[in-house]
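Novice: Per Swiss-Prot, ATP binding site is recorded for Ser167, Gly168, Ser169, Gly170, Val171, Gly172, Lys173, Ser174.
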Amino acid sequence: MEADLLCKYEVALRESEPVKYVGHVTAVRGLLIESRGPHAVVGELCRIVLRRQGRPLIAEVVGLAGSTVKLMSYTDTHGVEVGCAVVAEGAALSVPVGDALLGRVLNAFGKAIDGKGEIYAPLRSEVLRASSNPMERLPITRQMVTGVRVLDSLLAVGCGQRLGIFSGSGVGKSTLMGMIARNTDADVSVIALIGERGREVMDFVAHDLGPEGLKRSVIVSATSDESPLARVRGAYTATAIAEYFRDQGKQVLLLFDSLTRFAKAQREIGLASGELPATRGYTPGVFETLPKLLERAGSFSMGSVTAFYTVLVDGDDLDEPISDAVRGIVDGHIVLSRALAQRNHYPAIDVLQSVSRLAHRVLGADMKEAVRIVRRALAVYAEVEDLVRVGAYQQGSDAELDRAIAMRAELERFLTQGAQERVRFQDTVTSLSMLTGLSIAQPPSGV
């Protein structure tokens, strides 16, 4: 017993650091702070002592060059001067996790910003974690119900699937995210608002999400006026919180807005650290970081994280670098059309340009056939829509086109849905059955 006790203290003494290694700031270059020492590793937190303000500034090691440590602050660098002491904290960024987070709005570092008091959670989780072993992932066979008619039928989503929502500005992606968060059958929703305007955060919480959606949600906000490192770490914080609830056996929905602003923040960090710009000014580190973040969602034995990532498409160009890179990583993409939005067609989902790569695994045979009929009708009508509108098409010339025209009005009603309208899954199946004339005997597997 005494030997075990002595062994415990011996280990504690061996791992303790009675002497703190202290470095000193040597230069401040824009976002980047350079110091000589201390001994630290990339990703480690450091405390910069501001001599004139009497408070510490928390920064993170983003690069090393010989004895020079390159740091980036989580806040602005006001008050930093040459000679300020830099102390390594010996740990990376971690955030509190637990049920106490539900219904709360947090900043990028897991601290409450909603005025409801401090969050007391006994557990903490590091935000920078490696993605799981691919052999630990489970096949995706169960459908997640979103409460959005077009997604639950024509673009079915599986539990653990990752989808990109591609959209220009002002086309309704925040409204669509709010609809999904309110109506989903997921146990917990984690919502990351990265790089948003401050006004939009409150608008989303009050109007798009609402009190009902907030009860089972955790919101992580890192607004556009915060440092690029705070915006990037906010993305990882939201993902780490989602992983915690997944490990508790929950089916988790992760809504991320927006991946483009995350990429731009990562670009700022890369440029400040000395990376050379590549495609459209994005540094190579951006394209290295995207899969590391996105691969953390998925289906596992404990639970699943189903993720929707919005991509703000510059100039409505779906082939711009970030859109192209994300489309190659996710398991499907939902394209929001400005033309549909201008016609007051909401949600403005362009079904023909959108695809769910795992829909065939979660839909039953009857649903697959109904979806095939609807998509075919949409495609046939789209080919000759201009001719039909100007009256140049003569009815009876093409039987398939005649059927598509006859279905058009009902299709429009099926594809549109009010922002506050909640559609039960069985009602979606019934509507699809009436639209196609098929008897859908069984719902998608797992529902």
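Residue numbering: from 1, along the chain as shown.
The backbone N, Cα and C atoms fix where each Cβ goes, glycine too.
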Novice: For Ser174 (ATP binding site), just give me the three-state DSSP call.
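Specialist: In three-state terms, Ser174 (ATP binding site) counts as helix.
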Novice: Three-state secondary structure of Ser167 (ATP binding site) from DSSP?
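Specialist: In the DSSP reduction, Ser167 (ATP binding site) maps to strand.
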Novice: Just checking, which of Gly168, Gly172 (binding-site residues) has the fewest C-beta atoms within 10 Å of its C-beta?
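Specialist: Least crowded of the binding-site residues Gly168, Gly172, by Cβ count within 10 Å, is Gly168.
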Novice: Residues with Cβ closer than 8 Å to the Cβ of Ser169 (ATP binding site), same chain and 6+ apart in sequence?
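Specialist: Correct list: Leu312.
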Novice: Starting from the Cβ centroid of Ser167, Gly168, Ser169, Gly170, Val171, Gly172, Lys173, Ser174, which together make up the recorded ATP site, report each further residue of the same chain whose Cβ lies within 8 Å of that point, ordered by sequence.
Specialist: Leu312, Leu336, Ala341, Ala348
Novice: Drop a 10 Å sphere on every Cβ of the binding-site residues Ser167, Ser174 and tell me which sphere holds the fewest other Cβ atoms.
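Specialist: If we count Cβ atoms within 10 Å for the binding-site residues Ser167, Ser174, the smallest count is at Ser174.
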Novice: Could you work out which of the binding-site residues (Gly170, Val171, Lys173) has its C-beta surrounded by the smallest number of other C-beta atoms within 10 A?
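Specialist: Least crowded of the binding-site residues Gly170, Val171, Lys173, by Cβ count within 10 Å, is Gly170.
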